[in-house]
Structure formats: C-alpha cells, structure tokens
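Record features, source TrEMBL:
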TRANSMEM  B:16-38  transmembrane segment
DOMAIN    B:78-267  domain 'ABC transmembrane type-1'
TRANSMEM  B:82-105  transmembrane segment
TRANSMEM  B:117-136  transmembrane segment
TRANSMEM  B:142-159  transmembrane segment
TRANSMEM  B:199-222  transmembrane segment
TRANSMEM  B:250-274  transmembrane segment
Amino acid sequence: MERERHETPPAVLSLRDLTVSLPGGAGRFDIVRGVSLDLRRGEILGLVGESGSGKSLTLKAIMRLLPGAMQTRGSVIWKGQDVLAADAGTLRRLRGAEMSMIFQEPMTALNPVLSIGRQIDESLKAHTALDRRARHRRAVELLDLVGIPSAERRLRDYPFRFSGGMRQRAMIAIALACDPQLVLADEPTTALDVTIQDQILQLLLRLRDELGLSVIFVTHDLGVVSEICDRTAIMYAGEIVETGATRTVLSAPLHPYTQGLLRSMPGAASADGRLNAIPGQPPQPAARAPGCAFAPRCAMAGPACSVTDPVLGPVLGSVRAGHASACLRATDLIAEGGQP
Amino acid sequence: MSAVAAIARRRGRISLPLLIGAGIVLIWIVVGLFPGLFAPYDPDAFDYDALLQAPGLAHPFGTDSFGRDILSRVIWAARLDIQIAVFSTIFALGFGTVLGALCGFYGGWFDAIVSRVIDVVVIFPFLVLIIAIIAFLGPGLFNMYVALAAINWVSYCKLMRGEIRLQKQLDYAAAAQVLGYRDLRILFRHLVPNAMTPIVVFWMTDMALAVLLGSSLGYLGLGAQPPEAEWGVLIADGKNYIETAWWMSVWPGVAIITLGFGLSLLGDGLVVYFGKKERS
C-alpha cells in the first residue's frame, strides 16, 4: 500500500503491524495478526470478515477498549501520535473529541437512565467550553443533523422511547457531538431491519460528505460494503487477506477467501437454489498450522500454501492501484480471470 | 421472545404487593412522624387505677403493669422502630454501595482485599457478631447502629460489586469510555444508577430485618433501653405477664409483623415494578 501510484491525500490513521494476543495454554496466541491499514480523510474503509475474524477486535484495539488480558503490539498512529502509547489523559482527550465509536446494538449502547439530551450534553461538557445554552443549541442541531424529528422535544426523552433506527441515529448524534474526525463503526446496521439499515447508511454517507469524517466500517455484509465503502479490507483468522478499492475487491477479487465470500452471497446461489458456503471452519487461534490460514479450506491450495505464510502485497499483473492480496497463487487467479 | 415480552409487560406495573406494601409502610411512617395525633394517652403516664387492664373501651389494647396505655406505647414506639429501620441500614447501604462499586469497577488487588474482608465477616453468624460488638461497645441504640453499619455493609458491597461487574461489560459502558469520560464519572454517573435497582429492593428487605433485629436486641436489653417505648422492649416488658396479660406482648408483636410484612411486600412489588428478575 505504500507504493500507491495515484496522488492520494495522506493517511490520518495508520495501523502498522497491529497484533492482539491472548494468554493461552503454551504462551500467548494472536487473535489479530499484523494488521496494517491506512485511512485517509473523508474515506470510508470497510473491514469485512466473518465472526471471530478479528475485525471488531481491531476496532477496539484502535480505541484502546480491549480488556487488560489482551496484549496489543504494533502501532496505531493518529495524526502523528501513537494511540497505543498515549497516557490516560491524552486518551481521554482523543476519545469523543477526535475519535468516536458507533456500536452494533443501539438497544444497549445508550445509557437507559439518562435522557438523550443529557447524554449529548455530557459529551459536550467533557470536551468543549460551551455554556449551557450553547450546548443545548448544539444538541438540537445534532438531532436535526441525524434526522430525528422534533429535536427540541426528543432531547428530553429517554432511550426506551426511541425505536431501533432512532436510537442508532441518537447514538450517531452523541458520537458526533464534539466534531470527531474519525468514526469507528462496529456493525452499526446489523441490528436494524433492512429499510432502516439503508437510512442509516445514507445518513453516514451524508455526514461523511458534510463533515469530512473518516470512517472504519466493520461489517460482515458485503452488500453494505458495496453501498458505502470507498475501500475494503477483507479479514480472515485475524489477518487482512485482501485490500483495495471496494469495486476492485468485489468485482475482481484476488484471494480465494474473498471469492468464496462473494460466491456464498444469497444473490449468487447455485442452480439448485442452495447457498455456496465455504467448506470447513476457520482455524482456532490457538491451533494454527504454519502457512496460509485459509489453505485447509481453499480449493486452489498447493503444497507451498501449507508451508509458506503469504504476505499481503500488490499482485504482479494486477492493474488496479492499491489492490493487495495475501495469496501465494494470486497471479494464477488473475490468469483465471479473477472472477467469482 | 415471550420471556422478554413478559418482563417488558411486567415492567412499570403497579402490582398488588407494591400497593399493599407501600400502604402499610406509609401508614407506619405517618404514625411514626405524628404519634401525638394518634395516641389517645401519654405513653409514659402511669395510672395506678388501671393496672393490667384487658383491652376494652377505655384502653383498646389494654394497659401494662404500671397502667400505661399499650396502644399509645405501640404508637410512640413506631417512631423509634422506623428510625431503627432507617439508621441500621442507611450507613451500611452508603458505605457498602460505594465500596462495592469501586471493587466491581477496578477489580485488582483492591477488590481482592475487600473480598477477603467480606469472606471473613460472613464466616461469623450475623447475630452473634452483632451481639459481640454491642457487648463490647455497651448496649444502646447508637452502638447498635455502629455494629450494624460495621457488619451489614458486606451485603450491599457484594450486591453492588456483582452488579457493576455485569454493567461494565454492557455496550453503554464502553460507549461512555469511548466518549472520553473519567473513570469515576463513568462509574458513578453511568453504571451505579443502572445498578441501583437490586440495591433498593434489598434495602426494603433489609429494613424489615432491621426492625426485627432491633426488636430482638431491644428484647435482649442490648438495643433501646427501657423505659423507652420500642416494640421489642414492650414485648420484653410483657413476658413476665404473658399468662395473665397477653396483650402487653401481643400488640407490639403485631406491630412488628405488620411493618416487616409491609416492607417485604414493598420489596417484592419493586422487583416487579423495576422489571428485574430476582437475584439471590
């Protein structure tokens, strides 16, 4: 990714070799393995993978939300500053004011005993010098911004009076209260039904355009990815296996796992109407064999795949800028047309 | 879904136990606040013309061996017993809740030490420990409050600790963290209010137990001291006359039972009202 061919704005957030490990039977084992990513201003990056692939852990590691037993290595550089090395005071100033997070479950991520207005107010109080009236004006403005009608009145309401979609909007309003530039979204639409899901995605797109937000969007839904993400990184077993512009990754994937994901979507069902699931299970982090983590499930795996650990890098012969794959046989995939 | 819906439907419901319990407790509080309005006689006035009178028109609950009106004494004792209910529990509640919240939130060596202290306290039988402390400090209501505060905080501490450990794993706790709030703010403004429900419910039950305990200690001569009118003391006064003047002990006993029953019902009703499943 360092060898981008096009003029691109500099990254605001860079992950380098981010590794999260847990203590296990014999020493520690890694559940996120050497994740490197760059996020630019105004960019929405999709982080895609199945449950347990480490995508949410990566987000939480950026926010330093992981429990103490999980050890984090590598670096998370936000505007030239390493978040992983930041002290408690710096971290408090960063969180909420510069980077904030939207959670998957709007039902549980809001404090049930405080009104929405109080929750917005609290964030403004913690990070700005606004007086009470200015904070109130800002709160009304925020609810308007996220499309909650009759904002003035709704500020006094408690979360249980909001529907799922409205709660997610309220969550977004709280997250955006102090004008953060980075928003980490952890499956924010997974708990919502499809029409509401689309509204929230449109809202995020609009906010990105209006406020110049940089967003990392974690999801397992490739449909959502194709709708809002500029770039996409596919995770498998704690590693990024493919990354590139969303259109490139989804239309000409260069990793068998990405191809498998695309084939297993309901729209791509086989002739008899069954879903094309990827056979097998992801490896347990504690019991990883050497070589490519996907090799045991991969139809293309050759003898080298179970010996050599593939490295994420540009693929020889790929014409798409910034397209990288961690597959030893990526070049063969191009030869085969790279189509799912 | 049905279980969730059932709890949701129950939530906020004013149940019959809640109404009855709140009614009984309210009546006793009013009686305790304004005993002069309800008591027909001076509770301490001797009447040597009416010793050990059976319940009748002049003295609905009868009189004791000094001719004092039992009804008036039971009514004036309500003030003292409600005071016992509150003061025996409130300090334990305050201290135990704060300590439990800190333990549950921070964990680590602090939590380990407090938990071991709790283990040591709960090893001893509750009543024996209370009596030992009062015996050491000397009998009287104030020392009883001290003894209860010194022992009873463990219940609130354990309850709060567990509840905070649960609450801090919920998304809204992470959300508060992500918004850059200070630890203590997250703990006391966000987590503790959400963890108060079981504490309040337990408090009601605990007050009922405190009334019984206060009366037991009064009976044993370790709590309120005669001639002060306290239900337990009144029962103790009547114990020598139980065969000839049953009313001396029975009416204060009825008073204890109704207040204890009312507080228990109130606790049960609150469980339903707050929509939480009871935890042991």
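Even glycines carry a Cβ here, placed using N, Cα and C.
Predicted automatically and left uncurated, TrEMBL annotations should be read as such.
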Positions on the same chain near the transmembrane segment (B:82-105), where near means CB under 8 A and six or more residues out
28-29, 32, 111, 114-115, 141, 144-145, 148-149, 151-165, 168, 183, 187-188, 191-192, 195, 199, 203, 206-208, 210-211, 213-214, 223-224, 230, 259, 263
Whether the transmembrane segment (B:16-38) meets the transmembrane segment (B:250-274): three or more C-beta pairs under 8 angstroms
yes
Cβ under 8 Å, sequence separation of at least 6 from the ends of the transmembrane segment (B:117-136): give me the contacting residues as numbers and ranges.
143-144, 146-148, 150-151, 154, 157-158, 213, 216-217, 220, 222-223
What residues in the same chain, six or more past the boundaries of the transmembrane segment (B:142-159), come closer than 8 Å to it by Cβ-Cβ distance?
84, 87-89, 91-93, 95-97, 99-100, 103, 114, 117-118, 121-122, 126, 129-130, 133-134, 198-199, 202, 206, 210, 213-214, 217, 222-223
